[in-house]
Every structure is written in structure tokens, then in C-alpha cells.
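Trainee: Before I ask anything, here is the structure I am working with.
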Amino acid sequence: MSETVTQTETDQRPATARSLGAEEKEAKSDEQFQQERTIKGFRWFIVIISILSSVTLYSLDNTIVADIQPQIINTFDELDKLPWLSVAFLVACVATNSIWSKIYSQLNAKWLYLFCVVLFEVGSAMCGAAPTINTLIGGRALAGLGGAGLYVGVMTLLSVNTTKRERPMYIGMTGLTWGVGTVLGPIVGGGFAVSKVGWRWSFYINLFFAAVAIPIYLFMLPSFDPRPGVSYKERLAQLDYLGTILMIGACVSGVMAINFGGQIYPWDSGQTISCFVVSGVLFIVFGLQQWYCIGTTKENRTFPCQFLARPAFIILFVQTASVATVFFVPIYFVPLFFQFTRNDSAIDAGVRLLPLVCFIVAAMILNGALMSKFGYYMPWYLVGGCLSLVGSVLMYTIKLGTSTANIYGYMIILGVGGGMYAQASFAVAQGKARPREIPVATGFISLAQLTGGTIALAIANSVFLEKASAGIMAVVPDASKETVQSAISGASSSFFQTLDPDVREAVLAAVTHAISQVYILPITGAAMSISLAIFMPREKLFVASDTGDRDGVTPLGAMG
């Protein structure tokens, strides 16, 4: 029955009931996490810029493929494999996120982060040099694997190299670098797509970053060992290998189902249903394996089940997934709207994102600075959720004739709302977690962000394709389904050019209506954020209390 003892009970046992050596190792680990920042001045400036820049690359790689897909199709002539370009990256990110956070809690953060950067760069090099689309897909998967570890590593390095008071500010800065990469992705991709060097340099450009950043990581980034005094053999033996395999299998089949359903295969096809069934079965087996600690221990499970017993972490998880829905959907569909309705190029459509992303980034930075200063976090979720709801509803009302100025205004409202709490959960979770749980807590929130964004985009894309296809075929009944889907995906623009002006306007109205329908997802996410914010405590998390407790917070649910 000892395996059912809670973490709190374990911590309250007398020393005689626990290994003295284990207690000493945990104390050392906690001291490592709580230590003051050891690097300052110009060295710290160079290190933090290098770390945050890797987030730019990660976010750039998320959006850069969208605008070079037509050129990739023309190179390899395999339209049926087009969805794999995004699915491979997303599958690798989602499936390995929790695993990376667990590894970061065992191994040296500096060297593990460096390994992930190299992995990401190797994947990018594979994509750039790919002789076949299968190699390109493999490179995307490898880049996603390294990118997931890189992102968890950034959050871990920021948490262990900053004080608790300044941590929200630096985590807020990840929003700035994420925004820069998100905006640059379509612009850089579109620029290379129409240039003489070609789309392959959209991936090769990442290698220049590695040439500059890796020496900085090697010689200036402080080393951080989360488990000093523990042999690497013991650390590796404590990883949950069975849970890792089950989770990867469940995530891969699940992401494939929601991304391929309605696009490559009908939702009721055997292929789609099989993926859902396999994913469901594997998730059930994974849950049982984690609950009963089969092939692992309670402390070493892949998924941080201990957070499921803490209401605060459950709320933070759902809040993070909800806000990911709020800002990921418009980031992908705003450029699409302008490409269809204003005949924008890929570069121009990417620039149209600036009002949205700039205000998301500004709100993220403001959140990091003010939350560090005043300590309260609940108002950010409540006010941010309200503004996100207003902005999402306004985006839902967009018609073919809606002015560009109005659309920019809607985007600004949505950007401010989403940015107010987009990254806040990382700092809040790290503040609420025990020091040695910080890497796992970081991965827990990162998993929510990736899962929310992945599921939202998959559903939004399916809704758009189905609604747009049905609307276009109602206007042009003679067009084949394959021709319509090819035109919607961007693989062929000749379809729209052959239409009469009146018919083209009706088709664009159908496309605009289909795009407006995807904003039901951000509306739902924002409404969920408001509902959950009401149940969040009115507490100060980042300001030291008079009693000198570690967090300086009141218990969950306290209203003072």
C-alpha cells in the first residue's frame, strides 16, 4: 500500500522512514533550484539573448512551412503527403514534451539543452537537403523532437538561472522572441520561396544561428545539475521507458487521427477510426501503467500525476490549453484570409499579422513585468479572457466586405487579451511547484500549450476545409472535389483565376464564411478561461510574505 502515499505524506515522514541519503540529495537539489543568479552584467545579457533567440527559431519553424508548401509540392509532386509536413513536426513535439521535462529533471540542463539544439539543427539540415519528400518529413520530425526539448530547456534554464521574483519577467520575454519568430516565419518562407535560392534555404538559415549560439552555450552558459552526487547510471535507470513508448504511440496515433480526418480520409473511414481507437486504447493503457506504476515508480513516472491532485495545476493546464487556442487559430487563419480575399502574396499576408502579434508580445512583456512587481496573477487571466472573448467574437463577424482597419482593430483586442496570460502559467506553475519539480512543472504547462494549439489547429483546419469545400461546390457544382481541395490548400491558384468575377466573389464569400467559423474555437477557449479564472485564488505568488514561507502565498482558494 506504500505506493498510494501522497507526496505531502512522503515529505512529512520522519527521517527514520526515509533514506537519509535520499533526503540529503533532495535538499541539495532544492538548494540548486533556489540559488541566486550567478552570472550578471554583459555575460548575462549575451546568454539570455542566445537562449531566447532559440525560441525565435522554434516558433519560426512552426510557421515557415505554411508559405512554402506550393513550392515543395512542385518540387516533389506528391500532394497526398502534404499534411505530413506539419503533422510530423507536431507529433514529435506533443509526443515527447513530457518526456523531455522528465529528462531535464535527471540530467545536466546545459548539456541536454545543447544536445536538443544540435538535434533541431540536424533536422533543419535534413529538410534543406532532402532529396525526397519522405526525407523532408523525417527531417521535420527530427526538428520537432529537438524543438520540443529546446523549448522545455529554455523554460528550465530560465527558471534555474533567475530568481523567483524576476522569473516572470524573463519568461514574458519568451513571448517577444516567440512573436518575432511567428511573424518572420511566413515572411522568411515566402521570401525564399520566390527567390533564386529557393525554399530549401528556409531551413538552412537555422544553421547560421547554431554557428553563433553554440559557442556561447559551451563557454558562457552555467552548468546546472539537478541531481548532484547521483550517478548517471542511476539517473538513466530511473527513467520511465515503458511509459515513454506508450505515450509516444498514443500521441502519434491521436495527432494523426485529428489531422488526417476530413482531409486525407473521411472522418468515418476505417483509417481515421483506427487511429482514434489505437490512440484511445494506448492512452488507457498508459493511464493504467502510470497509476499502478508498472515498470516504474511513483517518483519516476513519465506523466506528472502528482499535479492532478492539485487543483491549481489542473486549472493552469486548462487555462494554458485554452489561451493556445485563442492565439494559434488567428495566427494561421488571418494570413489565409488576406491571401484569398485581398490577393496578398505570402510575404504581405505574413506582414498582416503584425497588429496581432505585436500586441500579443507587448501584453506578454507587460504581464511578466507587472506580475513580478505586484505578485497577483488571477486578474491577468480574468481580464485577458474577457478581452480575448470580445476579440474572438469580432473576428467571427468578419465578412468579405469588412474593412482592413476594422480587422486590425479586432486583432489588437484579441492580441492584448491573449497576451495578458499566454505565458503566465509557466511562471505561476514554477512558483507553486516544489523546487525539484520545476522542470516537470515546466513540461506540464508546455504540454498544455502544445496540446491545446495542436488540437485547435487540427479542428480548425478540418472545419475550414469542409465548410470551404461545401461552399465552393455549391457555387461551382461542376468543379471536382480534388480541384477544390487543391485550390483551398494553396497548391493551385489557377482555379480562382478561371472564374467569372461574379462567381469568384461568391466563392470568396464562401471561403470567408468558412474562415469565420474557425473562430468558434477561440470563443470557446476564451469563455473557458473566464470561467476558470473565477475559481483562481486572489493571492500574491511572486512577492515574499512576512512569514518567510517559500512561496509567500495563501492556500489555494483563499480570497485574501
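One is the number of the first residue shown, and numbering goes on along the chain from there.
Yeah, the Cβs are placed from backbone N, Cα and C, and that goes for glycine too.
I grabbed these lines from Swiss-Prot:
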{"type": "COMPBIAS", "residues": "21-31", "note": "compositional bias 'Basic and acidic residues'"}
{"type": "CARBOHYD", "residues": "Asn300", "note": "N-linked glycosylation site"}
{"type": "CARBOHYD", "residues": "Asn343", "note": "N-linked glycosylation site"}
{"type": "REGION", "residues": "1-32", "note": "region 'Disordered'"}
{"type": "TRANSMEM", "residues": "45-65", "note": "transmembrane segment"}
{"type": "TRANSMEM", "residues": "84-104", "note": "transmembrane segment"}
{"type": "TRANSMEM", "residues": "141-161", "note": "transmembrane segment"}
{"type": "TRANSMEM", "residues": "174-194", "note": "transmembrane segment"}
{"type": "TRANSMEM", "residues": "201-221", "note": "transmembrane segment"}
{"type": "TRANSMEM", "residues": "242-262", "note": "transmembrane segment"}
{"type": "TRANSMEM", "residues": "275-295", "note": "transmembrane segment"}
{"type": "TRANSMEM", "residues": "313-333", "note": "transmembrane segment"}
{"type": "TRANSMEM", "residues": "378-398", "note": "transmembrane segment"}
{"type": "TRANSMEM", "residues": "409-429", "note": "transmembrane segment"}
{"type": "TRANSMEM", "residues": "440-460", "note": "transmembrane segment"}
{"type": "TRANSMEM", "residues": "515-535", "note": "transmembrane segment"}
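So where do these features actually land, and what's packed around them?
Mentor: Sequence-distant contacts of Asn300 (N-linked glycosylation site), defined by Cβ-Cβ distance under 8 angstroms and a gap of at least six in the same chain, are Lys102, Gln238, Leu239, Asp240.
Asn343 (N-linked glycosylation site) carries neither a helix nor a strand DSSP state and counts as coil.
Long-range neighbours of the transmembrane segment (84-104) within the same chain, counting only residues 6 or more positions beyond its ends whose Cβ lies under 8 Å from a Cβ of the stretch, are 61-62, 65-66, 69, 72, 112, 116, 133, 136-138, 140-145, 147-149, 151-153, 156, 226, 239-240, 244, 247-248, 251-252, 255-256, 259-260, 300, 302-304, 439-440, 442-444, 446-447, 450-451, 454.
A Cβ distance under 8 Å defines the sequence-distant neighbours of the transmembrane segment (201-221), meaning residues of its chain 6+ beyond its ends; these are 39, 43, 46-47, 50-51, 53-54, 57, 61, 64-65, 68, 110, 113-114, 117-118, 120-121, 124-125, 127-128, 139, 157, 188-189, 192-193, 195.
Long-range contacts of the transmembrane segment (275-295) within the same chain, counting only residues at least 6 positions beyond its ends with a Cβ under 8 Å from a Cβ of the stretch, are 3, 240-243, 246-247, 249-251, 253-254, 256-257, 260-261, 301-303, 305.
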Trainee: With contact taken as 3 or more Cβ pairs under 8 angstroms (pairs 6 or more apart in sequence), are the transmembrane segment (45-65) and the transmembrane segment (409-429) in contact?
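Mentor: Contact absent: fewer than 3 Cβ pairs fall under 8 Å.
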Trainee: Establish whether the number of Cβ pairs under 8 Å between the transmembrane segment (409-429) and the transmembrane segment (313-333) reaches at least three, counting only pairs separated by 6 or more residues.
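Mentor: Touching, yes - the transmembrane segment (409-429) and the transmembrane segment (313-333) meet the threshold of 3 or more Cβ pairs under 8 Å.
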Trainee: Give the one range among 174-194, 313-333, 378-398, 440-460 whose Cβ atoms make the most pairs under 8 Å with those of the transmembrane segment (141-161).
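Mentor: Most Cβ pairs under 8 Å with the transmembrane segment (141-161) come from 440-460.
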Trainee: Ranking 174-194, 378-398, 440-460 by Cβ pairs under 8 Å to the transmembrane segment (313-333), which is first?
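Mentor: Per the Cβ count, the answer is 440-460.
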